[in-house]
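**Q** Pasting the feature list from TrEMBL:
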- E137, E175, H178, E261: Fe cation 1 binding site (BINDING)
- E175, E228, E261, H264: Fe cation 2 binding site (BINDING)
Amino acid sequence: MALKFNPITFQSQKLPSFALPPMAGLRSPKFFMASTLRSGSEEVDLKKPFMPPREVHVQVTHSMPPQKIEIFKSLEDWAENNILTYLKPVEKCWQPQDFLPDSASDGFHEQVKELRERAKEIPDDYFVVLVGDMITEEALPTYQTMLNTLDGVRDETGASLTPWAIWTGAWTAEENRHGDLLNKYLYLSGRVDMRQIEKTIRYLIGSGMDPRTENNPYLGFIYASFQERATFISHGNTARLAKEHGDIKLAQICGNIASDEKRHETAYTKIVEKLFEIDPYGTVLAFADMMRKKISMPAHLMYDGQDDNLFDNFSAVAQRLGVYTARDYADILEFLVNKWKVTG
């Protein structure tokens, strides 16, 4: 998954500090905030080393009536035949190395030089968004954990062979390539402060997320449907912008990630579509509940050790570049309403 956000966060114009190193040669120094620290700085904020940067909601747990667990058990054969088909065999999937310089080849250094030359032509604010996307993707352990909190579909053993558990494990493995690829590209580009980024990833994974899905697979699959569509849009727009800036290789990277997200969106929306078919009342209540809460985004607890509003500041840059906007948020809601025939 990549970075998606709630339109209420778009007001801020402050720019994030996690991405760009304070070094000569960058065209737009304004893209580092005053709070940006060099890796060796002693000015470290220790006020909450293992706490989220903001309060999370009061947690409701296990809100689905126990008898409805049987619905998901009864859907296991259906999931095997209709959902697992959206997974791609490992041997037929792209891998991050397909888009990166080959470190085992004699031409590795020249390939890196070419990558860096292309990266020089890309504006700093684009890299702010790309770094935010990568940080979000790298918090994948949190997303697998969240899926495994859902009653009736979680992996109960760590290696369960139920279709729901197989989906979660294989989905995670497919998604894992996204953060790997973006991380390696950004490292090779020489345009970003990797140590600061690595700290931000650690803070985000440590903070978790607060989607308010209540161990309820109805809520969880609705949330995942929204997020996968938003991710598809976000990565698609970073691909478009990379192409506009002349970096076709980076456009391919973002485009292939977007393609994965679209396939995952199709799977999750199909699960919810099936729930509307067999339990329309319960599913429409769950959909209304998630819309009333508003979708909290996977990286909304993003923190770099200094800036409690890092996610909001990042969101403002993504909004300004048109990577993911308030209009996109509304369009996704409309898409899902029509997809699931909620108004019908």
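Just so it is clear, glycine is given a Cβ too, placed from its N, Cα and C backbone atoms.
These numbers come from a predicted model, not from an experiment.
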**Q** What Cα-Cα separation, expressed in whole Å, is found between H178 (Fe cation 1 binding site) and H264 (Fe cation 2 binding site)?
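**A** Approximately 13 Å lies between the Cα of H178 (Fe cation 1 binding site) and that of H264 (Fe cation 2 binding site).
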**Q** List nothing but the one residue from E137, E175, E228, E261 whose Cβ has the fewest other Cβ atoms within 10 Å; the candidates are the binding-site residues.
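**A** Each of the binding-site residues E137, E175, E228, E261 was scored by Cβ atoms within 10 Å; lowest is E175.
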**Q** How many whole Å apart are the CA atoms of E175 (Fe cation 1 binding site) and H264 (Fe cation 2 binding site)?
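**A** Cα to Cα, E175 (Fe cation 1 binding site) and H264 (Fe cation 2 binding site) are separated by 9 Å.
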**Q** Which secondary structure state does DSSP assign to E228 (Fe cation 2 binding site), in the simple three-class scheme?
**A** helix
**Q** Give me the long-range Cβ neighbours of H264 (Fe cation 2 binding site): same chain, 6+ apart, Cβ under 8 Å, in sequence order.
**A** Y86, W171, E174, E175, E228
**Q** On the three-state reduction of DSSP, what should I expect for E137 (Fe cation 1 binding site)?
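**A** DSSP assigns E137 (Fe cation 1 binding site) to helix.
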**Q** If you count Cβ atoms within 10 Å of the Cβ of H178 (Fe cation 1 binding site), leaving out that atom itself, what do you get?
**A** 27
